[in-house]
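A.B. asks: Reproduced below are the annotations present in TrEMBL:
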DOMAIN    42-282  domain 'Rhodopsin'
TRANSMEM  25-42  transmembrane segment
TRANSMEM  54-70  transmembrane segment
TRANSMEM  110-132  transmembrane segment
TRANSMEM  139-160  transmembrane segment
TRANSMEM  188-208  transmembrane segment
TRANSMEM  220-238  transmembrane segment
TRANSMEM  258-281  transmembrane segment
């Protein structure tokens, strides 16, 4: 990033904008994280109800959620302590007095953002691994590995782009650094590549689901639930378009990028949780219907079937048993709503 405090003559100040995007940044960041937390919580709640173990995609999402919380906390520190979100000519003296800490927090936040984005996308891809086989499965593995390499290089350049290395996060240390365009181009490439992979992963479920012997409406419902990553891809495209703002000498222009990268991680996390939530919604509806079912019993079944009937309400409880019927079969049904027999090679 360019000099965070470019000189501006006092005569120019009255003619410059003085708006502050710090508060909108924090509201957006924490709201998106809260919504993503609800989705993740419901996903884990479904696992608990079904008495099922966590899988690697669950652990990846939990790790991404932790990174997202740290990301928001660091963004909060930037806004509260250094006035991030204001135009560079309005930044408080604290940024000049403690520039090293400011840059360190900036780089840490960027790193945890990359981790959150990489792990949420990886979690969704791991979920797809359980649906695929043959060349499709190998292709998903290629996406996982290549996407993490691209994002990893983008994050690593922030910490090893200078000589000595410490200068990367401590500007006061004498030394030299790679031109800013190197890291910026790496960010743009990784952003564009991950967006492309998001869209690819969103399309793969259609290829797999459409071959199954199921009702067309059920196929569409499952495929749509597993294709929400298309929204994450759209957000990633917008974020990538905003990346050149990092080269602006006015830090205010980087605020929108902060919002979009947090949005990308949050939306991807929600998309990865939706397949399970679809089944939760279906079970809740079924449980509600069962609650109101009445079973007619005739105390004298053979003699008065046509004349009298005694009704009673059969209360159906939304319990672990409702979710766990069928053991390992239900594990797959919970995640995808697909009969295990349609994928005889699946196993954990």
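Glycine residues also receive a Cβ, built from the backbone N, Cα and C atoms like all the rest.
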A.B. asks: Of the listed stretches 25-42, 110-132, 139-160, 188-208, 258-281, which one has the most C-beta pairs under 8 A with the transmembrane segment (54-70)?
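C.D. replies: If we count Cβ pairs closer than 8 Å to the transmembrane segment (54-70), 110-132 scores highest.
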A.B. asks: What residues in the same chain, six or more past the boundaries of the transmembrane segment (188-208), come closer than 8 Å to it by Cβ-Cβ distance?
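C.D. replies: For the transmembrane segment (188-208), the nonlocal Cβ contacts are 117-118, 121, 124-125, 128, 131-132, 136, 140, 143, 146-147, 150-151, 153-154, 222-223, 226-230, 232-233, 236-237, 239-240, 243-244, 268.
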A.B. asks: Would you mind giving the whole-number mean pLDDT across the domain 'Rhodopsin' (42-282)?
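C.D. replies: Within the domain 'Rhodopsin' (42-282), the model's average pLDDT equals 86.
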